[in-house]
Amino acid sequence: MVFTGNANPDLARRVVRQLHIPLGDISVGKFSDGEITAEINENVRGKDVFIIQPTCAPTNDNLMELVVMADAFRRSSATRITAVIPYFGYARQDRRPRSARVAISAKVVADMLTVVGIDRVLTVDLHADQIQGFFDIPVDNIYGSPVLVDDIEDQRFENLMIVSPDIGGVVRARAVAKSLGVDLGIIDKRREKANHSEVMHIIGDVEGRTCILVDDMVDTAGTLCHAAKALKEHGAAKVFAYCTHPVLSGRAIENIENSMLDELVVTNTIPLSAAAQACSRIRQLDIAPVVAEAVRRISNEESISAMFR
């Protein structure tokens, strides 16, 4: 049985259509003081339950919805509860850099989800793979890259080159470049402060190339916009960006519209705001078939890794 909160009901509906099953009946809302409430409107005793709920903005509300729903299913005797979290919020707070006095919020969220009774987590393109180790329950981190690669192939770009917007994304970009059989470029940049970055130099010859920047998420779009500017200044013919998660916070839309990016392509792990939908440079792909197949495999006790061989 598949249920959803208010974070991304459109994705949940697309997933159940792929699975040819109805969407489960649950009422999720707020009391007058803002507290989250969830009531299951059908019998789930002995059922295998999947909750589709990305913890995107409003992050805390969506996280609490997930936690409260999970508790409701546990108290209603569901046999197994799988949290399907297409976008895992708080994933960027995954360590204490230089022993700074900060929380490791990704671990806090992992503990919350485990304690409330969730048996398994299914997510897409975790920002940091090590977050899987923060859980004491199974975590399946599936890849959004097949959806992105399929679209890149459909576009039939000429003189194509995949570019990592920073050193940290090289492994991801290299995998995409290998899938497409094209060259890989790297942008070396240094971040001055949170949500700001400075492009330094480009590794690889981008002169006359169609460059595709690949990343797991786009937040304020500062990194991508600076990268696009650097690539164009070094002679790139066109610059596109492909990212799984469209966080698009702050002045992201304005940054994209005023940038040298020809197009930003994202998936629907997070719903687009009205402003993002109205932006002609943003295009969204459907990741529901991949999520649905993973849900089907988990329900039938089949291999998840076999999806990506």
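Note: Cβ is positioned from N, Cα and C throughout, glycine not excepted.
Features as listed in TrEMBL:
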{"type": "ACT_SITE", "residues": "LYS189", "note": "active site"}
{"type": "BINDING", "residues": "ASP33, GLY34, GLU35, ARG92, GLN93", "note": "ATP binding site"}
{"type": "BINDING", "residues": "HIS127, ASP166", "note": "Mg(2+) binding site"}
{"type": "BINDING", "residues": "ARG191, ASP215, ASP219, THR220, ALA221, GLY222, THR223", "note": "D-ribose 5-phosphate binding site"}
{"type": "DOMAIN", "residues": "1-117", "note": "domain 'Ribose-phosphate pyrophosphokinase N-terminal'"}
* **Candidates LYS189, ASP215, ASP219, ALA221, GLY222 (recorded positions) - the one closest to ASP33 (ATP binding site) by CA** => ASP219
* Near ASP166 (Mg(2+) binding site), which of the binding-site residues GLY34, ASP215, ASP219, THR223 can be found within 10 Å, Cα to Cα? -> ASP215, THR223
* Anything within 10 Å of HIS127 (Mg(2+) binding site)? Look among the binding-site residues GLY34, THR220, GLY222, comparing CA atoms, and list what you find. => none
* Structure fact -> Checking the binding-site residues GLN93, THR220, THR223 for other Cβ atoms within 10 Å of each Cβ, the smallest tally belongs to GLN93
* Give the three-state DSSP assignment (helix, strand or coil) for ASP215 (D-ribose 5-phosphate binding site). => strand
* DSSP residue counts for the domain 'Ribose-phosphate pyrophosphokinase N-terminal' (1-117), split into helix, strand and coil -> 42 helix, 25 strand, 50 coil
* **For the residue listed as 'active site': DSSP state (helix, strand, coil)** => strand
* **Candidate nearest ASP219 (D-ribose 5-phosphate binding site) in space, where candidates are the binding-site residues GLY34, GLU35, ARG92 and distance is Cα-Cα** => ARG92
* Asked: Between GLY34 (ATP binding site) and THR223 (D-ribose 5-phosphate binding site), what C-alpha distance do you get in Å?
  -> 35
* Please state whether DSSP places HIS127 (Mg(2+) binding site) in a helix, a strand or coil. => coil
* To do: For ASP215 (D-ribose 5-phosphate binding site), identify the closest of the binding-site residues GLU35, ARG92, GLN93, judging by Cα separation.
  => ARG92
* Work through the recorded positions one by one (GLU35, ARG92, GLN93, LYS189) and name whichever has its CA nearest to the CA of GLY222 (D-ribose 5-phosphate binding site). => LYS189
